[in-house]
Structure formats: structure tokens, C-alpha cells
Amino acid sequence: MISMRSRSNNDAAPAVKKSRVYYGSLEEKERERLSSDIVSGTATGSDAVKAGIEAGNINISSGETLEIEDRVSERQQEALAEFERRRRARQITVSTDDAEVKAGLRALGEPITLFGEGPADRRERLRGILSVVGPDALKKSRKDEERAKRSQDECQQTWYHEGSTSLKDSRLWLARYSLPRAMRRLEAARAQRDIAEATRTIRQQELHKSLRNLNNFCSQIGDDRPISFCHFSPDSKMLATASWSGLCKLWSIPECNLIRTLRGHNTNVGAVVFRPQAGLSLDQSDVSLASCAADGSVKLWNLESDEPVADIEGHSERVSRVSWHPSGRFLGTTCYDNSWRLWDLEVQEEILHQEGHSKGVHDLHFHPDGSLAATGGLDAFGRVWDLRTGRCVVFLEGHLKEIYSLHFSPNGYHLATGSGDNTCKVWELRNRKCLYTVPAHQNLLSAVRFQPTDGHFLLTGAYDNTAKVWSHPGWTPLKTLAGHEGKVMGVDVSPDGKLIATSSYDRTFKLWLSE
């Protein structure tokens, strides 16, 4: 009986708890309950709750509230600012030219393109940037760029300063000297043009035939050190050689006998050159040669003494070449202080100190008329200067490495330059362009020379131990002068056009003659 009752009680459904829904804050209800418990004094566990509050385990606020209006207003302001930016962006006009868009991005300091970005995307990106920084930012950056470019152009433009009275007098003298010579050269060119084409062709073929028959006529040991330079006298009867030992020597031609040793330099001599009238109209006691050395010294010599008759002072760095003006009155020197100088021997002073190259100036040559001077430098550029005005009239740009030699053709309008890029370039001065590039050698070109009489062939010497003869015009190779065991450092053609001289690092110089 008892067991049956207990089974029936177990089968009965459990009592369902009614869920109580509280509206409002539980915090208020809890406060009311606590206050009622305190009033009634029958609160259960109130001491424990108080202890929890005091210990900081139960936090009950003091009624502080958080306003959400501020955050809502910030979002609204951001949204409004974005709408305003988009409105401004729609009003900004951006060029449809992609090049201008890239230029604008570059001016604003932004990358001109992003990965996978097309022209339309680039325009939108520029428009978006301008809507933030303002459309005037691009104009301002362009103005700054133009201002910087203008100041750079001002730094690069030619400037002049007042020269001395002696320089003005020399320029007038050069003008009076060069103009009649130019007229005579043009008259000779017109007379040459009147010769029948067949006659000119026959002469050219005969010249080429004789050049192909060039052979080593004489070889002479010139010094204990490399022979850096050689130069024929105006009468073709002497050859001057310069050596790294500091000695310059004069040799009889064609016997190659030593005439005189010029002692005065203490270091490597770069060049020794005869004065244009030496041995012809000048006396033995007159200044007939000039030489330069690596220590910046320049010395003048006559044909009577072993000692220099004068020193030219003023160079602080290496002087690599000296060259006489065709008149014999002026001497040009090139220096590694990035300048070249013109000395007037009549007034015995420096009349021109010309800058213009960014690196050392290595070679200098005067135009046959005496009106121009060409300089080549280690900056791979050549310049042609008008001595009558002082202006740089032709800028020779094209070589990849240093220019080590230049030479005017007797025709007056061709200039050859030899460079460290193994090529020889022939420049047309009438249109100021490169006429032809001769892929001349396997190593740097140390010297170039035109035939002094007519300019009908070009001679080049290089550090591949050879010298080569090229036809002019045509620029075809006619003969390779091989025989030196070292680098060819200097070449020259005798004024009568019969002999060719080469000097070398192997301490010898050789004469070449057509059989």
C-alpha cells in the first residue's frame, strides 16, 4: 500500500516554476531590497553584502549615465565630411592625358602608378588626392618646380666678366689674323672643286695605294722610360720626343740620330711641340719648342741650348698638353684643374683662363685659320671655342668615355676626336653634328692626326699597340701599323706628308715610309 502511493507520487508531473519578468534596472530593485532589509532589520546576509561592497568585489554605481549623442554626432560629421569630399571631387577637373596625370601625382609626392592600376583608376586616385589637399596644391607644386628649374637654368647659363685690355687687343689681333687665312682656305677649296672629278679620283687612288705600302722605315730606342709624345718640326727635318723620364730629345730625320737632349723637367713629360715657324723663319736663339709635365711645369726652349729659356708658371695641377697657335704668338695649355689657358708670348702673360669642363682638360688643338680652339676633357665632352669672341660655339657630345686627343682637318670644317671608348668620331662643324664614328681600335685612342697638307687621310694611335690609317672621306681602313710591343702613346705626320712617326710605351719611336 505504501509502495503504490509512492509510485503514484513519482508519476506526477513536477511543479512548473513561474518565470518572473522584471522591468527596469535591477540596480533600483536591489537598492529597494537592501533598504527594506535595513529598515526591517531582518535582512539575511546583509553583512556579507556590505563586506563585499567594502572589499570592492561588488560595484554599485552612483547613478552615472553615458550619453551616446556625442558618438552619434561624430559619425554624422564623418559621413557629412565624406559626402562633402565626394562632392568636391566631382567638381575637380582632371586631365585625361595619362602622362599629365602621372606628372601631377609625382608633383604631389605620390606614386605615379600602383600594381594593377589603369589610366582611369589613376585619374580617380589623383582626383581623390586633390579633393583632400585641395586643387591649388598641384598648381603650387608646379610653380615650385618651375621656380627650381628656372634657378637651375640660371646656374647653367653662360656668364661673362670683364676681361683685361690685353685680352681685348689679342681678340682683335686674332680676328685680323684669321679672316684672311679663312679667305685663302676657301679660295683653295674652290680651286680644288674646279678640278675634274676623274683627276681627283686618280690622285686619291694613288694616295691610297702609297698608304697601303707603308712600312717600318726606322725604329729607335728613345729613352729608358716610355715615349709619351712625338712631333715633327715644320721643315720635317727633326723629330721631338718626350719621355716619362723628364727628358725631351731632338732627332734628325730620316737618320734618327740624336741632336740634343733637353733637360729641365723632373717628372713625366706630357708633350713637346715645335713652334710653327721653327727652323724656317725663326733664328736658332728664338723660342722654338714648348713642353709640359705632370707637375704643372711648362717650359720654353730654343734650338741652341739644352736648358729652357723660360718657364711658364701658374698651373697648380698636371698639364697634359701644350699647343701653339698657327701664328706662333700664342701658346695654349690644358690643365687637370678643369680649365685651359692661353698665353701671349709677346706681352709675356696669361691672357685667358677658360673654364667650361667638369673634369680635367686633356688635349687642345687650334684651327688652321687661327680662329677656333678645340678642347677635349675627361668628362667625355669636347668644346670648340671662338677665340675672337670667347664663346663656346660647338659642344661635342657623344663619346662614352674620356677624350684624349683632337685634331682639326686642314679643310677647316672637320674635327676628329679620339676617346677612351675605343672610337674615333669625326665631327662636321658646319652643322655641328657627328659625321661618322670610326670603330677604330681594341683599346683607348691616345692620338688622332689628319694629314697636314690636304687632310686626305686620318691617323689614329691606340693602346692596342697599333696605329691605323683611314681614308678621308670614306673612313675605310687603309693600313695597320703594327710593330710596337707596347701601347702607342703618340703619333704624328710630317708636314710634307711623307713620313709617319709613332712613339710607344715600349721606349721606342718608329718612322713609317711608303715604299
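Note: Cβ is positioned from N, Cα and C throughout, glycine not excepted.
Because TrEMBL annotations are produced automatically, they should be read as predictions rather than curated entries.
The feature coiled coil, as given by TrEMBL for the ranges 179-208, 329-358, 359-388, sits at 179-208. Long-range Cβ contacts of the coiled coil (179-208) within its own chain (Cβ-Cβ under 8 Å, at least 6 residues beyond either end) map to 326, 368-371, 411-412, 456-457, 471, 478. Note: the repeat 'WD' (312-353) comprises 0 helix, 24 strand, 18 coil (DSSP; helix = H, G, I, strand = E, B). The helix, strand and coil residue counts that DSSP assigns across the domain 'Pre-mRNA processing factor 4 (PRP4)-like' (96-148) are 38 helix, 0 strand, 15 coil.
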